Structures are given as structure tokens and as C-alpha cells.
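One structure below.
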Amino acid sequence: MKTLVVCSGGLDSVSLAYRIASEHQLTALLSFDYGQRHKKELDSAKACAERLGVPHQIIDITNIGASLTGSALTDDIDVPDGHYAEETMKITVVPNRNAIMLAIAFGVAAAQKAEAIALAVHGGDHFIYPDCRPGFIDAFQTMQNHALDGYADIKLLAPYVHASKADIVIDGAKHGAPFAATWSCYKGGEHHCGRCGTCVERREAFHLAGVEDPTLYEDADFWRSAIEKRNA
């Protein structure tokens, strides 16, 4: 299928892009600038598109992002350190983010005559982000079937929706994803901080997957104490 991948430049979506490139006809990568503090992830998405030899389009929705206040990703709120847990990561929720992006992505896909959109939501996000859950994916597909009825038939692919982050690392390694060129850290510094929830989750995923982590972290050992604290 001619498939457009929504790609942030993170480990999950880059792994997905490489998987789609091997299983389908990858037509383009689509990214969104919503005013996120970790905007450097978009550079990783661009590099991924160049490696895969497909177009990369960035949709500017910063005006929308500016209205979605109250999130550490779009507002002047500190990103918390610690394990990827509900009590620490709830502050990173951007209301309706995936719904907004997917609505635009379906429109772009229809205009470009694509047959599918792929999104890298995964099982580890279910307890924090409601628009990463299977029910949301199924409902959004149904909604788009009605929205594009008679105009386009586009499938929403979410192959990681029941997978763990470690599963994605294994899948990415299988398909040759360049992990070192991906960006996860929500703080958006020069290097991955190693302390925020996404950094801890990333580091733990490589450990559980048994895959070497090529990422340069400012604090490479914090993840161990964060996990010990979670398990205490």
C-alpha cells in the first residue's frame, strides 16, 4: 500500500518508517511543528526521510499549539525527571494532539492519493495518553471512513499499538533503524538529558530488548535509580 508515515523523529516513528519501507510503499514522512520545546526531533525526521529517499513535509500548527496550554511540551512548565509514570508524565499531555495531527494527515493522504497512514502509538503510552489507545485508533478510523466517504479509502495502520517500547527497539533493529539519529528527550537540549521520563523509558527499552543503546546521555546512569525507585 502507498503509505504516509506520521514521523516525529523519535525512536518509535523512525522504527515505524523503516518497517513500512520494508513492508509497503513508503510515500512520504509527515511531521508537525506544534511549538514543542524538543523541536530538534524534526531534524531527526528530516534525516530519516533523506535516508529512506522519500519526501519530508512539516506542517506548521504552532498557532494551534500555542492554544493548547498547560503541557510541559508547549508551555513554560518544567519537564519532570523520573520514570515514565502517570504521576510524572501527565504534565506532558498535549490535549487532542494525535487527533489534530491525524485529521490533517488523513487530508494530506487523501490529496496525495495515499492508501494508508501509519502512526507509531504503542502500548506503553496507554495509561498516560488517551489518544494512543486502541479504542481511539479504531474510533478514528471509523470517523475518517465517514469523513472521506466516496472520496478516499485510507487505512490507519498502528502496528505498535499493543507493543512495548522494548518491542519497538527489537523491531527497529530488525529493519535497520538508525537509533543514534533519533530524538526522544522532551527537554530538547544538545544531548539526551537521561533524566526525563522519555529518556528513562528509552534507556530501559534498549536494556530490556538486549540491544546496544547508541544514545549519548548527559546522565547515563540515572535510569537505574529511577527504575529502582519505581519498583520500591
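Here the Cβ of each residue, glycine as well, is placed from N, Cα and C on the backbone.
In Swiss-Prot this protein carries:
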type    : residues                                                                 : note
BINDING : Cys7, Ser8, Gly9, Gly10, Leu11, Asp12, Ser13, Val14, Ser15, Leu16, Ala17 : ATP binding site
BINDING : Cys185, Cys193, Cys196, Cys199                                           : Zn(2+) binding site
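Taking the features listed in Swiss-Prot, we show where each one sits on the structure.
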residue : record              : CB count, 10 Å
Cys7    : ATP binding site    : 31
Gly9    : ATP binding site    : 26
Leu11   : ATP binding site    : 25
Ser13   : ATP binding site    : 26
Ser15   : ATP binding site    : 28
Ala17   : ATP binding site    : 28
Cys185  : Zn(2+) binding site : 25
Cys193  : Zn(2+) binding site : 21
Cys196  : Zn(2+) binding site : 28
Cys199  : Zn(2+) binding site : 28
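On the backbone, the CA of Cys196 (Zn(2+) binding site) and the CA of Leu11 (ATP binding site) stand 15 Å apart. Within 10 Å of Cys193 (Zn(2+) binding site), counting C-alpha to C-alpha distances, fall none of the binding-site residues Cys7, Gly9, Ala17.
Same-chain residues with CB within 8 A of the center of the Cys7, Ser8, Gly9, Gly10, Leu11, Asp12, Ser13, Val14, Ser15, Leu16, Ala17 CB atoms, the ATP site residues themselves not counted, are Val5, Ser44, Ala45, Cys48, Ala120, Thr182. Closest in space to Cys199 (Zn(2+) binding site), of the binding-site residues given as Gly9, Leu11, Ser13, Ser15, Ala17, is Leu11, taking the CA atom of each residue. DSSP assigns Ser13 (ATP binding site) to a helix in the three-state reduction. Cys196 (Zn(2+) binding site) falls within a strand when secondary structure is assigned with DSSP. Put simply, Cys185 (Zn(2+) binding site) is 16 Å from Ser15 (ATP binding site) when counted between their Cα atoms.
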